[in-house]
């Protein structure tokens, strides 16, 4: 029983450590949009579906 609890604690620490090492900061929702990004052109089928 004691070894099972220890195993769970070790697993939690390993998972949290893995996530902490690989965590990337999320982009701010208030960040400016990329001025160099280009919108993908819509295909005629997509235009027709938008038109209804």
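Backbone N, Cα and C atoms are what each Cβ position is placed from, and that goes for glycine too.
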Per Swiss-Prot record, range annotated region 'Disordered' [choices 7-29, 30-52]: 30-52
Within the predicted model, mean pLDDT of the repeat 'AXPX 2' (31-34): 71
DSSP helix/strand/coil residue counts for the repeat 'AXPX 3' (39-42): 0 helix, 0 strand, 4 coil
Around the Cβ of residue 51 (alanine amide), the count of other Cβ atoms that are within 10 Å: 6
